[in-house]
Amino acid sequence: MENVHLALEEDDLYSGYNDYNPTFDSEELENDLGFQQAVRTSHGRRPPMTAKFPGTAIGARPIASSFGSRVPMTSSMGRPMTGAVQDGAARPMTAVRAAGYTSSLTRGSTFDPLGQSKGPAPPLEAKNDDTPEEKIKILEKKVNDLIEESCMAQSVGALQLALEKAKEAGRKERMLVRQREQSGNADHINLDLTYSVLLNLANQYANNEMFPEALNSYQVIVKNKMFSNAGRMKVNMANIYFKQKNYPKAIKFYRMALDQISNAHKEMRIKIMQNIGVVFVRMGQYSDAITSFEHIMSESPNIKTGFNLILCYYAIGDRERMKKAFQKLISVPLGIDEEDKYIPSNDDTSANMVIEAIKNDKLHQMERDLKVLAEKYIMTAAKLIAPAIETSFATGFDWCVDMVKSSQYVELANDLEINKAITYLRQKDFNQAVETLKTFEKKDSRVKSAAATNLSFLYFLEKDYDQADRYSDLAMNADRYNPAALINKGNTVFSKQDYEKAAEFYKEALRNDSSCTEALYNLGLTYKKLNRLEEALDCFLKLHAILRNSAQVMFQLAHLYELLEDPQQAIEWLMQVISVTPTDPQALAKLGELHDGEGDKSQAFQYYYESFRYFPSNIDVIEWLGAYYIETQFCEKAIQYFERATLIQPTQVKWQLMVASCYRRSGNYQKALETYKDIHRKFPENVECLRFLVRLCTDMGLNEVQEYATKLKKVEKMKEIKEQRVKSGREGSARGRREGREGSAGSADSSHSSNSTKGERLSAKMRSLPASNEPYEASSQKELDASYVDPLGPQMERPKTGAKKRMEDDDFADEELGDDLLPE
């Protein structure tokens, strides 16, 4: 009873129940000026609630009891009621405590909302890195960073660096496991991190073609039962065995992977079965490959598998199944939207903007690439099976065209027809090719342009330039933006030597297709013909930037620099040609010629010799090599080159005379005499041969000297008579022409006819005789050995001192009479 207190009569026991704290009145917050001011300023940030500040629920909330008068209740957070400001007290901005608000403000203290008077904040406590847990976390981060660096290095092609990072990650991960075991946390080993390290290491070994190490790393993953889905790694192991050409083991691991992958992963299983089929193809087991490919085509058909199935049927020669497989191939759905949806409409502006944005995005590019790949496989399959499925190639191709026309690839039918014509070309059946292409003259513009372009090319190859010009015009009319048609038109104009007009067509082709290398090459040739060498050089330099390893382009650049009188640049470009085609005899010979022009005989000899080694039938190279050996006093080595020239041009007497001259220069007079006699038998009217026969017989004291001297006299006499006749014939012809102009027309015609007929007979007879005034050495004037004085003249007055003395006098005779054999 002592704890029971009776209520006073004047106190209302039920008062205060309808009162509420205005802090929770969210509807009136917009009208609460204090609250809005607190929200707009930094003073509205509420500090954490503690019990030591005044105004909290503990310190500022009076407890109403039955023994004391009731005071108005403050809010539960210590905030006084809105509008209830005590006597002179500063009004707090929040329910707990305003920023910088203290009770001392009423006593005149300085306002310091940011607490700057207290000095700087104490420093943060240093993190203790010496604990085992912190060490393990740091090491884990290092391992993850190394794996990431390894993957990044592999993505940019730095395979060796990627492998080093992967190895280092493996070492760090083993250290991490040991630290966990030492700290007693072996149960908390991060298996995902271990799996990542091992997988990355195995992949980097495989990328660096270190296949045994990669297989060992994959084996560690596969044998560990704690790694889930590790069976998929057997696909990677099978890929390595495939690269090693260990096909039975590759099939074994592919099948093991197939057994461990559930049917829910249908796409993965299809890919593995496709790999199995490819391995069977490599092993030549086409029946097993067909089984895999047929299963794929029945479950999830795709273009590549359909093409591989056709190849297998072609390998076993099954015609009917080839046809069925081709029909399956052209019916494979590509899952590509129609191109019509990318055509903008004129009405909806927003839709047009969307179409413009997605017209060339990556998805549309992927669709185009897939369609191009499908068309390529279909075209290749048709060209492959056309000769095999029917009795003739044409019939088989027609069947393929009919099948394609009834499929989703209708536009491919015309391309197949054009390929049919091209196949006729490869079979050298030009008539059938032309007939096939002519059927396209009434088709749509694109196909007509392609067919007319091919026809123009055909006629151009046959040098029927009129027909080539006609069909190039037809191709241009059908499609003015066809660069091939413009090039063919330019070629026909080029053949007529209208180089300016040809250049215009090549330029137009380049405007339509800036990557058209044929137009750029032909434009360079045209500028070279027009002697606009700088522009031609610019064309070929651009072409070289596109075709880096084209020997033709580099050779043209070398030739242009030679024409521009810059032999050093020409040599540099020819050296690049040799680096691409080291066995090109023409380039080697040109290098020899340029070095010879620069005075570097040793380098010139090296390149000429290499050219002769690869192509021993170039007369210019043979002549240079022979002259080089004569100049360097190695006449015996020159003989083999002139003998080869004799085999190449047996009707040219100068090579045989050079052989005899080399024998004579080397001191083998008997062999030289035999060679001259042999030449005389083949060319009895050759004056040079008779001169040397007379000279040798005289020096050697032979009795045949008189016989050869008589023949020489007779031949020289005949030569003089012929020259006089030719001269008189020319003079008579000229006189007849003058008289014809002065006299009557009839007499002029008669005289001119008579003289010209006589001159033609003399010219024909002179042409039938071997040339006697051509030099037969490509050396200096002093080395021309075909000149000799008449043995019956002053030269015979020299004392006979034997063969040796006479041979020493040869140089004097050669130097004195060399002018007689200069070219006309």
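Residue numbers in this text run from 1 along the chain shown.
Positions of Cβ are set from backbone N, Cα and C atoms, glycine also.
Straight from TrEMBL, the features:
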- 106-129: region 'Disordered' (REGION)
- 231-264: repeat 'TPR' (REPEAT)
- 270-303: repeat 'TPR' (REPEAT)
- 483-516: repeat 'TPR' (REPEAT)
- 517-550: repeat 'TPR' (REPEAT)
- 551-584: repeat 'TPR' (REPEAT)
- 585-618: repeat 'TPR' (REPEAT)
- 619-652: repeat 'TPR' (REPEAT)
- 722-824: region 'Disordered' (REGION)
- 722-742: compositional bias 'Basic and acidic residues' (COMPBIAS)
- 744-756: compositional bias 'Low complexity' (COMPBIAS)
- 797-808: compositional bias 'Basic and acidic residues' (COMPBIAS)
- 809-824: compositional bias 'Acidic residues' (COMPBIAS)
Query raised in the report: To the repeat 'TPR' (231-264), which of 270-303, 517-550, 585-618, 619-652 is linked by the most Cβ pairs under 8 Å?
Result: 270-303
Query raised in the report: Restricting to the same chain and to residues at least six past its boundaries, which positions have a Cβ under 8 Å from a Cβ of the repeat 'TPR' (585-618)?
Result: 551, 555, 558, 562, 567, 570-571, 574-575, 577-578, 624-625, 628, 641, 644, 648
Report summary line: Grouping DSSP H, G, I as helix and E, B as strand, the residues of the repeat 'TPR' (585-618) number 27 helix, 0 strand, 7 coil
Query raised in the report: How does the model score the repeat 'TPR' (551-584) in terms of mean pLDDT?
Result: 93
Query raised in the report: Mind checking how the repeat 'TPR' (231-264) divides into helix, strand and coil residues in DSSP?
Result: 27 helix, 0 strand, 7 coil
Query raised in the report: How does the repeat 'TPR' (270-303) divide up by DSSP, counting helix, then strand, then coil residues?
Result: 29 helix, 0 strand, 5 coil
